[in-house]
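Asker: Structure below; questions to follow.
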């Protein structure tokens with residue numbers, strides 16, 4: 001309206017015309033009769049009949065696959081041994097159950113519509129299913145939110161630990177509040193799903209839309225309600241308008257969860273990387289890249305303008321860009337390795353722990369053993385905890401790191417305790433090492449020298465004298481002590497006390513192994529022996545030392561007299577051999593040793609931090625893959641939701657996005673189970689695997705289970721159900737060579753599916769089953785390669801003909817004894833044990849593993865040889881019976897004749913027959929059922945241990961008798 005007396009406002013008229021056009025365009029939205037009756041705007045969720053059929057089939061298929069995967073995942077979770085479970089597994093089960101419920105609800109609606117299409121127009125039907133759908137989806141979102149909160153607390157509140165009464169483990173995170181998880185997960189989604197019925201009785205007014213398609217074949221009532229749920233193509237959910245329904249009740253919380261997951265992960269990433277850099281800065285930079293960069297800068301600047309441009313381009317563009325790309329890669333791959341950090345610990349020129357030394361000069365604590373395995377091995381890997389090898393320096397890293405959990409062991413009991421990085425502990429330990437190895441003005445005292453004696457740190461000796469020729473053969477203290485006896489020229493503070501020198505006038509002191517009691521005993525008993533400077537030296541070094549000593553004895557002089565030009569003229573200034581220079585060089589050697597000690601302990605601390613960081617990275621990859629997979633699952637539904645605001649209302653749905661959206665919505669359960677199986681590997685936590693581990697730890701010192709224990713297990717209640725069985729008995733019943741064709745077929749079918757489950761690319765049906773001699777040698781830990789048949793030798797004959805000669809009465813008697821000892825497992829339990837995670841324990845295989853592991857492990861104790869041989873000189877003619885090998889079940893019945901013999905044989909089975917000691921004092925008792933080394937056997941015949949030694953070995957194997 002134009003007011004009289006005032007000129008018309010052209011801008012206002014133009015704005016009003018544009019607004020009217022916009023309103024007209026909204027009123028001209030195309031729609032269908034079904035959308036108008038349901039209250040759906042425009043062309044939202046408008047499909048043809050074939051498209052609807054395809055979408056519903058996709059939804060049913062994806063939901064069914066997800067349900068099957070959920071059942072499989074719950075089976076593996078339920079069959080994990082309770083000793084191996086931690087709170088994380090409870091959260092995984094909680095997440096799988098929520099996603100399982102969501103997949104089940106999403107499958108109900110399309111199935112009912114395909115069965116009875118008329119219920120599509122029933123408001124009670126789609127409102128009820130819509131409430132359950134919203135409840136299940138929001139419950140799954142709440143579960144992943146709780147998952148993220150739990151791991152955020154583990155990182156930022158590592159001291160929140162509580163004892164798990166069920167397993168005895170220390171649990172963190174939300175473990176103390178675990179009783180609130182299920183109520184919150186049920187209550188919050190129920191409230192959100194119920195709020196959708198606000199304004200349910202309020203009707204939508206879409207009378208101005210243009211109907212272009214009449215598809216009301218379902219007799220919908222003419223009452224488009226604003227609140228409630230709407231039937232979509234393959235599911236029932238919240239209405240797209242008003243927007244607050246889906247934003248407040250569904251997508252808003254979901255976007256918040258996604259942002260929260262990214263924020264938690266980003267904060268953890270920044271926290272760990274910053275702490276790693278701070279620790280590295282506190283304990284020192286081991287790469288020494290600053291000096292190299294300065295040299296490179298001077299070199300490039302010397303090339304003129306082109307060199308300067310190259311340096312600026314590399315410093316301010318290339319390197320920052322590469323650093324950014326590496327950080328992005330590390331962020332998305334959950335890696336905490338510094339892009340500028342060298343990952344090679346081998347001690348190369350660019351290695352992290354290189355201090356200008358060659359690889360041969362790396363300290364022992366950074367080296368691996370001769371077998372190639374790390375010295376820090378868990379007890380389950382053998383008797384490493386009792387390893388005391390005098391030929392090898394002690395590994396100080398074991399003691400310096402004793403307060404920290406074993407980061408290399410994949411132990412489920414520790415997996416949640418190792419995702420925190422405590423820099424204060426690492427730095428404090430490094431400071432403790434500095435204090436412990438502080439050098440006073442007088443030099444290192446005896447105790448410090450003793451501690452340093454365990455490490456093979458190199459010291460660059462700058463003495464240019466004939467003394468240096470003995471440095472590689474004898475300790476410097478050997479020569480200086482003898483010189484001191486001659487003229488008192490050299491005074492070395494690192495020598496032993498005068499009392500020790502007076503008691504051992506002709507002995508050379510071994511400073512590198514001052515803790516070795518055996519060397520002290522040898523010095524007391526043999527006054528004219530020259531101890532080797534390093535027990536790891538070869539025989540040539542020993543021969544050289546003996547030759548030197550022989551020369552000393554022949555000349556009847558002190559070893560110092562054999563040194564060329566060792567006279568007063570030798571120490572004149574012209575010869576650069578003054579007493580002060582020798583003392584100064586010795587002090588510099590000690591200071592150099594101390595510097596190396598400090599650097600090596602710094603490197604050790606940093607290496608420990610790197611191990612912990614690697615464990616954190618591994619565990620974070622295991623736990624954050626669930627939230628990240630959640631984000632990946634909701635990627636296409638988010639795209640589909642974004643298209644609904646404008647594009648779908650005007651033009652209808654984008655079909656390829658809708659297909660993917662319909663497929664991935666129910667697949668959360670499938671993804672959770674795949675991640676769980678891939679990362680957790682629950683088949684390694686079955687009862688059989690866990691019980692086998694505990695049995696190995698129990699019998700590892702004994703070296704075998706023993707026939708008595710095997711039969712005891714087999715005849716127990718669990719053994720009668722097949723949880724404990726003997727491989728010998730099972731192999732003898734092999735169906736591969738049975739005369740019954742049906743049994744042969746079933747054997748091949750069972751072998752096929754077994755290899756299929758193990759994901760073997762090459763199927764092999766060859767087996768030595770039913771070969772009596774082969775399996776007897778195999779389970780006795782003997783070399784059975786000579787007895788192994790080839791496939792060309794196999795013939796389909798009777799099992800008794802293949803295994804036993806028909807004319808052998810002895811073997812036939814053994815077969816009868818085996819049959820009498822066998823335990824018949826019911827058919828039901830035999831079928832059960834073919835199911836994954838429900839297998840039994842092969843006691844024969846476990847016994848064989850114990851024997852092999854015991855033979856390959858170093859087993860020695862401090863002073864064990866001395867305890868075994870302390871009375872050897874008094875009992876040289878005492879013979880010990882060597883017939884104490886435990887017989888297998890094939891021969892046990894032929895040995896026992898009466899009660900007295902039974903008790904004697906049982907006593908023999910509890911003791912070892914002999915104990916052989918090698919040069920480095922490693923005692924290796926003969927394992928029953930194995931063939932001893934003929935060389936060791938000959939040595940034992942000439943030098944057998946006394947009865948007290950055998951009692952000690954028996955005690956170590958079986959405990960107090």
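Keep in mind that glycine also has a Cβ here, set from the backbone N, Cα and C atoms.
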Asker: Would you confirm whether, in Swiss-Prot, residue 115 and residue 241 belong to the same side of the membrane?
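Answerer: Residue 241 and residue 115, as annotated in Swiss-Prot, occupy the same side of the membrane (identical topological domain).
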Asker: Report which of 348, 373, 477, 578 appears in Swiss-Prot with the annotation phosphoserine.
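Answerer: Annotation hit in Swiss-Prot: 373.
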Asker: Swiss-Prot tags one of 800, 903, 945 as phosphoserine; which one?
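Answerer: When Swiss-Prot is consulted, phosphoserine appears for 903.
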Asker: Kindly point out the range from 823-843, 844-864, 865-885 that Swiss-Prot annotates with transmembrane segment.
Answerer: 823-843
Asker: If Swiss-Prot is the reference, give me the range from 34-56, 57-79, 218-240 marked as transmembrane segment.
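Answerer: Checking Swiss-Prot against the ranges 34-56, 57-79, 218-240, the transmembrane segment one is 57-79.
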Asker: Of the residues in the topological domain 'Extracellular' (115-133), how many are helix, strand and coil by DSSP?
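Answerer: Across the topological domain 'Extracellular' (115-133), DSSP assigns the residues as follows: 17 helix, 0 strand, 2 coil.
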Asker: Would you kindly check 92-114, 134-156, 179-198, 251-273 and say which stretch has the most C-beta pairs under 8 angstroms to the transmembrane segment (620-642)?
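Answerer: Most Cβ pairs under 8 Å with the transmembrane segment (620-642) come from 251-273.
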Asker: What stretch, picked from 134-156, 179-198, 823-843, has the most CB pairs under 8 A with the transmembrane segment (57-79)?
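Answerer: The stretch with the most contacts is 823-843.
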Asker: Count, for each of 134-156, 179-198, 251-273, 823-843, the Cβ pairs lying under 8 Å from the transmembrane segment (92-114), and report the range with the highest count.
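Answerer: By the under-8 Å Cβ criterion, the transmembrane segment (92-114) pairs most with 134-156.
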Asker: Is it possible to list how many residues within the topological domain 'Extracellular' (199-250) are helical, extended or coil according to DSSP?
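Answerer: Each residue of the topological domain 'Extracellular' (199-250) counted once, the result is 8 helix, 10 strand, 34 coil.
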Asker: Treating G and I as helix alongside H, and B as strand alongside E, what does DSSP give for the topological domain 'Cytoplasmic' (80-91) in helix, strand and coil?
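Answerer: Per-class counts: 8 helix, 0 strand, 4 coil.
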Asker: By DSSP, how many residues in the topological domain 'Cytoplasmic' (157-178) are helix, how many strand, and how many coil?
Answerer: 1 helix, 4 strand, 17 coil
Asker: Hey, which bits of the same chain come close to the topological domain 'Cytoplasmic' (80-91), Cβ under 8 Å, at least six residues off its ends?
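Answerer: Hits for the topological domain 'Cytoplasmic' (80-91): 146-147, 150, 164, 166-167, 169, 171, 173-175, 178, 412-413, 415-416, 623, 680, 682, 685-687, 689-691, 837.
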Asker: Go through the chain and flag residues at least 6 beyond the ends of the topological domain 'Extracellular' (115-133) whose CB is under 8 A from any CB in it; none is fine as an answer.
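Answerer: Long-range Cβ neighbours of the topological domain 'Extracellular' (115-133): 102, 105-106, 108-109, 193-194, 196-197, 218-221, 225, 228-231, 235-238.
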